[in-house]
Every structure is written in C-alpha cells, then in structure tokens.
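Enquirer: Below, the features straight out of TrEMBL:
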TRANSMEM  C:6-27  transmembrane segment
TRANSMEM  C:34-54  transmembrane segment
TRANSMEM  C:66-91  transmembrane segment
TRANSMEM  C:103-121  transmembrane segment
TRANSMEM  C:141-164  transmembrane segment
TRANSMEM  C:198-219  transmembrane segment
TRANSMEM  C:231-260  transmembrane segment
TRANSMEM  C:267-287  transmembrane segment
Amino acid sequence: MNPDHDPLLEVTDLHAYLGDSHILQGVRLTVPRHRVTVLLGRNGVGKTTTMRAVLGLVRRTGRVVFAGDEIGQEETHDIVRRGIGYVPEDRDVFHGLTVGENLRIAERRGGRPRYDLVYELFPELKNRTKHLAGTLSGGQQQMLSLARGLLNDNDLLLIDEPTKGLAPVVVREVVDVLERTAGQTTVLMVEQNLAVARRLADHIAVMVDGAIVLNGPATRLADDDETVRAYLSVESAISGAGS
Amino acid sequence: MTPLVLVGVVALLACAPFLAVPGLGVLPDTVGGIGSLQVLGTAYVIAALAITYDLLMGYTGLVSFGHGMFFALGSYGFVMLLAFTPVGFWTAAASAVGITVVAAVIVNAVALRASLIAYSMVTLAAAQLMAIAIGQNYLGSGGADGVTIPFEKLPAALVGIVNTKHVYWLALALLVGTFALARWLTTTRIGHVWRAIRENELRAEVMGFTVYTYKLVVALIASTLAGVAGVVYAILLGAADPGETSLSFSIGLVIMLILGGRGRVWGALLGAVVYTLLQQRLPAITSSAGVAALPDVVRVPLAQPQLLLGVVFILFVLFLPGGLAGVVDNGVRAVRRRRSGPPTGVAADGELAAAVSVPASAEPTR
Amino acid sequence: MSNVILMIFTGLSVGAVYFLLGSGLALIFGLMRVLTFAHGAYLTACAYAGWFVLRHSSLAAGPSVGTLLFALLVGVVVGGALAFLTERVLLRALYQRDHLDQLLVTAGLGFSLVALLNGIWGPDSRAVPTPPWFTRTTTEIFGAHIARGDFVLIGVAVLLLIALEAFLKHTRHGLVVRAGVENREMVRALGIDVRHSFTLIFTVGGAVAGLGGVLAALYANAVNTTIGDTYLLYAFIVLVVGGLGSLRGAAIAALAVGLLQQFTNFYVNPGLGEILSFILMGAMLLLRPEGVGGKKIRLI
C-alpha cells in the first residue's frame with residue numbers, strides 16, 4: 001500500500017492561539033509513515049506551534065488524526081502515551097535532575113524502556129548518569145533530549161530544531177543519530193539548516209504565516225528550488241554560509 | 001442607563017430619610033429610620049471603596065491584598081488627628097487624605113516594581129505592617145478597640161441621632177462622586193490603557209505606553225479615593241475600626257468585585273451593596289424566632305453571612321466569572337436581540353473579549 | 001545567657017509551625033503556581049479537630065500519649081481530606097483558567113471555612129488540654145528551662161524535612177514533582193498526567209498543615225478561629241523568603257523568621273518582630289525574588 005494514502009498523522013484545519021493571538025490559521029498537513037517530514041519556514045510562522053498544537057500544549061481547534069484516531073480533543077499526556085515522542089526546541093531537559101533521572105522520568109507505565117539503544121546511540125550519557133543535566137554542554141543536553149524521545153518505542157517523533165546552536169562537530173553527530181532512527185520510525189521535524197533538511201527529508205512541508213503552502217515529497221526541495229528559496233530566503237542564506 | 005435615569009435614582013436615594021416605606025427585613029426599620037440610614041450609609045461607603053478597588057483589580061488587573069490599608073489610613077489618620085492634636089475637622093480630614101497619598105506613593109512605587117503575584121504579596125505585607133502597628137497600640141491607635149472620634153470636634157450638623165440623615169447624605173455624596181469619577185476615568189484614554197494593561201501588559205508596553213506609570217497612576221487614584229472613603233466611614237461609625245486592616249477585610253473587597261462583576265463600575269457597586277446588606281442584616285434576620293427553631297445544620301450557615309458569602313463567591317468564580325453585572329448584561333443583550341433580530345456590528349468591550357475567548361471554551365475540560 | 005537559649009528554642013518552635021505550613025505552600029506554589037489561602041483555614045480546622053479529640057481529657061492531668069497521637073493523626077487526616085477535596089472539586093475545574101481564579105477560590109474557601117467554624121464554636125478561644133510533660137516539664141540547657149513541647153515541635157519539623165526530601169529524591173512521584181517545578185509542560189509532554197501530582201502535593205500540604213494545626217493548638221493550649229490566618233501570613237513570608245518551590249529555603253526562612261520574631265519582640269519591642277518579618281518579605285520580593293533557596297527554581 002502506498003504510505004501516502006495511509007498517513008500516520010493527518011492534520012486538517014488546525015487553529016491555535018497564544019494568548020489572544022491567532023497563530024495557526026487552518027494548518028493542513030500529512031505526515032506519511034516511516035518517512036522523515038521536515039517542516040520548513042521562516043522564524044515565527046508557526047512551526048513550533050504546529051508541533052505543540054498536535055501535542056495539545058497550546059489551545060487549539062481542528063482535526064488531528066493519529067494512526068486513524070482523532071486526537072484533536074485529547075489531553076497532552078493521553079496523546080503522548082499513544083506513542084509520540086517530543087524533542088522540544090530548547091531541549092528542555094530538567095536541569096535540576098540527573099541524566100539518569102531525566103531518562104527515568106520519560107519511562108512509560110507498561111512500556112519497555114530501551115536503555116540499551118539509548119546508551120549505544122549516546123555513549124557519552126552512560127558515563128554521566130549521576131551528573132546534573134544542568135551541568136551538561138549544549139550538545140550533550142540535545143543528546144539527552146533526543147535520548148528521552150527515543151527511550152520509548154514511539155511511532156512518531158516530533159523533533160524541533162535539533163541542530164540549533166550546536167557546533168558543527170556535534171551537528172554531525174546528531175544528524176547521524178537522526179539518520180539511524182529515521183529508518184525505524186516516523187519523524188516530523190523542524191529544521192532551519194537547509195543542508196541538514198536536504199540530507200534527512202523524505203517529505204517537506206513549507207509554512208508561511210500560520211498555514212502550510214507546500215506539502216509533498218522532498219524531491220520538490222531540489223526541483224522547486226526557486227520556490228522554496230523564495231519562502232525561506234532567510235534560511236537559505238544561513239545554509240549557504242554553513243555548507 | 002441614561003444619565004436621566006441615574007439622576008432619578010440618586011434623587012430617590014437622597015429622599016430616603018423622608019420615606020416611611022417598610023424596610024421588609026432588608027433594612028432594620030422603615031427606609032427613613034435611623035438604623036436603616038446607618039446600614040445604607042455603610043453600604044454606600046463600602047460601595048465607594050469597592051469601586052476604587054475595581055479600578056485597580058477589575059480594570060487594570062492589579063490584585064492588591066492591602067487596599068483596606070488606605071481606607072484604614074483615612075479613618076485612623078482622621079480620627080487620631082482629631083483625638084490627639086488640636087487641629088480642626090477640615091484640617092484633620094485633609095491631612096488624613098494627605099497621609100494616605102504619601103503612604104500610597106511609597107507602597108505602590110515600591111510594590112509595582114515587582115511582578116503581579118509579588119505585587120499582591122507586597123501589598124499584603126504592607127497592610128499587615130499597619131495591622132500589627134494598630135494591634136500593638138502604636139501611637140495610641142487603640143489596639144483591638146480602635147479609636148473613638150471626639151464628637152465635640154465634629155461640625156454640629158454631623159453629630160447626634162437627629163442628624164443621621166446628614167451623615168447619610170455625606171455617604172451618598174461620596175458614592176455618587178466616586179461613581180461618577182470612576183465612570184469618567186474608565187471611558188477616557190487612560191481607562192483604555194488600564195484595560196490594555198490588564199489584557200496584555202507586554203503588548204501595552206510594546207504599544208508605547210509606560211506601563212509602570214499608568215499602574216502607579218491608577219494605584220494612586222484608587223488609594224486616595226479609598227482614603228477619602230475612610231474619612232467618611234469614620235464619621236459614619238464614630239470611630240476608626242481595626243477590622244479595616246485585616247486580611248479578611250481586603251478579601252471581602254475581592255468577594256464584592258466577583259459578586260458584582262469585575263471591571264464594571266456599577267458591578268462593583270452592586271456587589272458591595274449586596275455584600276454589606278447581607279453582612280449587616282443576615283445575623284439579625286436569622287436570630288429571629290422562626291430561624292432559631294431550625295436545626296443547627298441549617299441555622300448555623302444561615303447565621304453566618306461570611307459563610308454564605310464565601311460559598312456564593314466560590315460558586316461565582318466557578319460558574320459566573322462575570323458576576324451579577326455579567327448576568328444582567330446577558331439578559332439585556334438577549335432582550336435586545338429578541339427585539340431587533342440579529343445583533344448589529346456594534347461590539348462592546350465585553351463582546352470583543354468574548355469573541356477572543358471562544359476557543360478557550362472549545363477546549364476540552366474534564 | 002539563659003534568656004538567649006530560651007529565645008532560641010521558642011523561636012525554633014514557632015519556626016517549626018511556620019515550616020509545617022510554609023513547606024506545603026512552597027511545594028504547591030512551585031509545582032502548581034497556585035498561591036493557596038485555603039491552607040491557613042485547614043490549619044484552623046485541624047486545630048479544632050485536635051481540640052475536639054482532646055477536649056474531654058482533664059485540664060489538670062492532660063490527655064494520655066495515645067490520645068495525643070490520635071489527635072495528631074486526626075489533624076493529619078482531616079487536613080489531607082480537606083485539601084484533597086478542594087483540589088479535586090474546586091481547583092480541577094479551574095486549571096484551564098487564570099491562576100488568579102485558583103487563588104480566589106482558595107481564598108473564598110478559607111473565608112468560608114473559618115466562618116463555618118465561627119458559626120459552630122463561636123469566636124472565643126477554647127482551652128486545649130495538654131499533657132503536663134508537654135508544657136510544664138522542662139529540660140535545663142545552659143540555665144534555660146526548655147519545655148518538652150519545644151523539642152516535640154522542632155523534632156516534628158526536622159523529621160518532616162527529612163521525610164519530604166526523601167520522598168522528592170527517591171520516589172517516582174517525587175521525581176515528577178521536582179521535574180514539574182522546573183518545567184511542568186515538559187512533564188506533560190513526556191506522557192505524565194501532572195494533575196495526579198497536583199492532587200498529591202496539595203493533599204500533602206493539607207495534611208502537614210493539619211499536623212501543624214494540632215501542634216500549634218497544643219503549644220498555645222488554646223484554639224480560636226484566627227490562628228490559621230496568623231500562621232498563613234507567616235507561611236507566606238516563609239514561602240517568599242525561602243524561595244517559591246524550595247524546601248530547604250523554606251526551612252531556613254522558617255528558622256530565620258521564628259528567631260527574628262522572638263528576639264526582637266523580647267529584646268526591643270513587642271510587635272517589632274512581626275513588622276521586621278514583613279519588611280523582610282517585601283525586601284526579598286523586590287531584591288531577590290527567587291528567595292534564599294531558589295537557584296532559579298530548584299527544589300532541593
């Protein structure tokens with residue numbers, strides 16, 4: 001069966017509000033199974049809010065269908081327990097908890113935490129289980145945040161700007177891990193670094209002003225280069241400098 | 001309400017001392033009776049105070065737990081100046097308000113530097129300082145007994161049972177003046193900025209308003225008017241009462257606003273009148289023979305106005321956050337809609353807020 | 001010298017009750033961002049509950065140790081039950097709303113609860129029978145005669161601090177609470193229903209306030225309907241000075257406020273200790289809003 005006809009996540013007419021600002025204005029997005037979908041767009045168009053709205057972390061209305069079930073009305077913890085991992089933009093590891101505790105709190109009731117996998121992917125974390133997460137470097141915190149998302153066997157990973165603010169060496173390490181996990185699970189990712197996006201994306205979605213204007217295979221990223229660049233002028237400048 | 005209706009209502013209230021209409025248990029005797037005038041006068045003063053608090057909490061979103069302090073400063077300043085210094089009536093009244101202003105400047109200039117919840121705590125702390133000082137009888141403030149006015153220093157027209165109507169008129173004048181001033185202020189530009197601050201402080205700041213200054217202005221206006229109300233209250237009571245500085249007095253103000261409807265001048269008025277009448281009259285009504293015969297389970301809650309008020313308050317916060325004013329508004333709107341078909345495009349403040357908050361109610365609540 | 005020792009012990013005892021109430025408030029504020037006014041009323045209600053259990057004991061002989069422990073247990077249970085019901089029935093309905101509404105509901109509940117107690121037992125103080133060993137038997141330390149009750153209060157506060165820290169450090173619930181204090185949203189995003197922790201912490205706060213209520217009644221040999229308000233105000237000071245959400249900060253602050261109050265009231269002027277405490281709170285809010293224990297918002 002063509003995975004595009006049975007998407008894992010299907011969002012229709014999603015509206016979200018922050019305070020009294022209307023941030024998402026009818027987002028429509030499909031995330032096909034076993035693929036990496038990269039959400040592109042300038043700063044402030046609502047990429048992060050889209051993820052948070054899917055998770056129910058912001059006030060939202062609209063249809064969100066995950067693995068065939070409507071979850072648009074559900075609460076965050078119920079949504080997450082359906083098998084969604086979240087790696088937020090600013091890592092959001094718990095600084096006052098140790099590395100071990102940061103992982104332990106991510107364990108789900110009845111689940112089988114994959115410590116072997118996580119420590120194999122991030123050997124650095126294994127030696128630091130007793131360290132406070134607040135004392136880790138930015139790259140290590142990102143790894144811990146990813147590890148928290150990978151600890152459970154999730155069907156969908158929402159990853160928000162995993163390479164933001166990281167040194168090039170660390171970016172490479174993170175991208176390697178993402179590439180390995182991409183084969184096993186479905187990923188929706190926000191990535192501003194166009195080089196990284198190109199390398200990982202099977203599908204793309206381009207956002208402008210709270211709505212998706214382009215959603216399709218990543219080949220469009222190459223074919224439609226001019227269009228994409230027009231939407232993403234800022235980011236292409238960054239990736240030009242980086243690659 | 002048209003101005004004409006308001007003038008009519010005020011004129012009617014001003015005639016109250018001459019009315020021999022029965023008080024129907026809401027008031028202790030006939031409407032024009034001495035006891036009734038005293039109860040009504042108290043309700044007017046407390047209503048004026050509640051309106052000043054509404055400017056702070058309802059309009060600007062500043063939740064002070066020490067507003068009673070400025071009311072008490074007016075009362076205590078006035079009574080203590082009369083009792084312990086040779087100054088006369090007018091000097092004492094003016095100085096008491098002056099003292100309130102000075103205290104208001106100091107407390108608010110400091111407290112408004114803090115974040116919102118911290119503002120509540122700083123004002124709470126400031127009010128407690130005064131409560132403790134009074135409790136310890138500092139400066140002869142009388143501890144739990146308060147201080148009595150030396151009546152010989154009051155103008156003759158305000159002394160004695162025969163002149164209760166004059167004191168009643170004074171209280172009414174205070175309420176009318178405070179009401180008018182608050183109505184006017186809230187319709188001016190400054191009032192709109194206050195509301196903008198309440199809705200979104202950051203945005204108000206971005207729009208170019210110096211939020212701190214606007215907050216300071218509203219706090220000073222509210223505190224000063226509270227001081228004036230305190231002076232009138234002391235005349236009405238014949239004393240300065242330590243209860244005015246207590247935490248439960250300031251929480252009482254919050255309760256009045258929620259009952260009446262915060263952010264509405266006449267909502268505050270309504271809430272305060274209902275609150276005061278219940279508080280003043282409920283014990284008397286429930287001590288009547290009929291109620292005394294009831295079993296304890298029913299009688300005890302009925303005899304405790306605070307209990308009833310507290311429970312009603314909780315229910316209002318849960319189910320009617322717009323207060324009585326919100327209920328009246330909805331009623332009026334429903335009637336208008338039935339009369340004139342679908343609503344026109346004229347959006348009042350409340351409707352704008354309602355439009356914005358629609359998605360909130362669409363969110364799942366469990 | 002003996003006066004100094006005496007002041008230290010009474011200061012610590014008073015601070016112990018502040019800690020019993022303040023620690024709950026600190027945890028509740030840290031996790032739920034709710035400033036609760038209801039816990040002062042729980043303290044009062046439990047002081048009455050304790051009196052209700054003890055009142056038939058003779059004033060001269062005092063209650064037996066068994067009755068005393070039973071009274072403490074009743075206080076804990078009543079306080080916990082009241083808080084549990086408050087969280088489930090009143091606060092839950094308001095989590096989608098402004099924090100102010102949550103604060104208002106707790107204030108309204110405190111207001112009503114005290115009015116109810118006033119309605120049932122009236123505003124006059126009631127004598128609480130206390131065993132002679134609690135108030136009258138003293139131990140001599142450097143010439144000062146310290147009542148056993150002081151040791152009991154201080155001991156309970158220390159045990160509570162140890163127990164709460166162990167709970168936060170070594171249980172999964174504690175882990176969730178610590179993480180929630182730091183970043184509640186991320187806890188939800190990990191699939192945890194953080195409201196369970198709200199219920200738990202609010203209830204623990206109520207139970208501890210209840211314990212404090214019975215102890216305060218024993219310590220004062222009396223109950224009246226205003227004790228909760230007084231302790232609540234000092235618990236606010238402890239919360240602010242100690243740092244919102246900080247347990248150790250609350251302990252340090254409770255100590256400091258208790259000692260400050262006793263010493264200045266005794267050596268300088270009655271009432272000054274209270275005034276200085278509130279000035280301390282105002283100064284902390286303005287100069288160091290994170291409190292003494294608040295490295296940002298760490299809990300331990």
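Quick reminder: no glycine exception, Cβ is built from N, Cα and C everywhere.
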Enquirer: Taking contact to mean 3 or more CB pairs closer than 8 A (sequence separation of 6 or more), are the transmembrane segment (C:34-54) and the transmembrane segment (C:267-287) in contact?
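Expert: Answer no: the transmembrane segment (C:34-54) and the transmembrane segment (C:267-287) share fewer than 3 Cβ pairs below 8 Å.
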Enquirer: Is the transmembrane segment (C:66-91) in contact with the transmembrane segment (C:198-219), using three or more Cβ pairs under 8 angstroms as the rule and ignoring pairs under 6 apart in sequence?
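Expert: Contact between the transmembrane segment (C:66-91) and the transmembrane segment (C:198-219): present, because at least 3 Cβ pairs are under 8 Å.
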Enquirer: When each of C:66-91, C:103-121, C:141-164 is checked against the transmembrane segment (C:231-260) for Cβ pairs under 8 Å, which one has the most?
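Expert: The stretch I would name here is C:141-164.
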Enquirer: Are there 3 or more C-beta pairs under 8 Å linking the transmembrane segment (C:6-27) with the transmembrane segment (C:141-164), counting only pairs at least 6 apart in sequence?
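Expert: Yes; at least 3 Cβ pairs under 8 Å.
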Enquirer: Is the transmembrane segment (C:267-287) packed against any residues at least 6 beyond its ends, judged by a Cβ distance under 8 Å, and which are they?
Expert: 234, 236-237, 240-241, 256-257, 260-261
